[in-house]
Ligand SMILES: O=C[C@H](O)COP(=O)(O)O
């Protein structure tokens, strides 16, 4: 049984530490002491320390949105895994499409970051997903398989269990367009089959694969009820406490039903 995992990617929001702390506190109070689904928030790097303090004594994980693959050195503007550890991070998002497509990040770089993240004890959330053009060209499975192959190179089955994947069709990110549950489940099933071929059925059955792309309180339940969707990586809706808590509630209902 894979636990549902809801993570909020705040991207380059909000503008101030005060707002970030207020949002973290509201989420912490809404989730309560014992969440029955996994929850994490990923604020901008500059606010990690203060959000970590705001989340003290809560089960909510703290994630960064990116990191460098080198442990230290002359890398202007970059942030290392050790720095993320020191700021209280438990998770790190790697290979988000806004970095792949906006900043030219490659599978090889995502792979190098992944090995470093694991080495410093961070739980990586590795993002993959096709563009609209690739989907329309019938290339979705090839693109996803290529990103998986490149991003996960050299990863053992044992390591894989500690890695979270996030399937985010680029055309559904921040656009209001959501993949239908059938479209999303179709790709998640393909990912699970790919993981099974590479790491074996027992390992593949334990790997958490989130869906991301315009997840909202009103579409979360249907998406999360799909057999191979194990949570959500939420962008826009994670910036509004009521929406993010609504998605967490939907996950709690789905989790309770599947345990009944
Ligand atoms: O990391 C989150 C995704 O990019 C989804 O963003 P969105 O929920 O605003 O579409």
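Placed from the backbone N, Cα and C atoms, the Cβ positions cover glycine too.
Any TrEMBL annotation is an automated prediction that lacks curation.
Since we're looking at a predicted model, the values are computed, not measured.
Going by what TrEMBL states, the substrate site holds 9, 10, 11, 214, 235, 236, and the candidate of 32, 61, 174, 186 recorded there is 174. Sequence-ordered, the extra residues of this chain that approach the substrate site, with Cβ no more than 8 Å from the Cβ center of 9, 10, 11, 174, 214, 235, 236, are 173, 234, 237, 238, 239. Listed in sequence order, the binding-site residues among 9, 10, 214, 236 whose CB lies under 6 angstroms from an atom of ligand 1 come out as 9, 214, 236. Distance from the CA of residue 235 (substrate binding site) to the CA of residue 96 (active site, electrophile) is 11 Å. For residue 10 (substrate binding site) paired with residue 168 (active site, proton acceptor), the C-alpha to C-alpha distance reads 15 Å. Here the C-alpha separation of residue 11 (substrate binding site) and residue 168 (active site, proton acceptor) works out to 15 Å.
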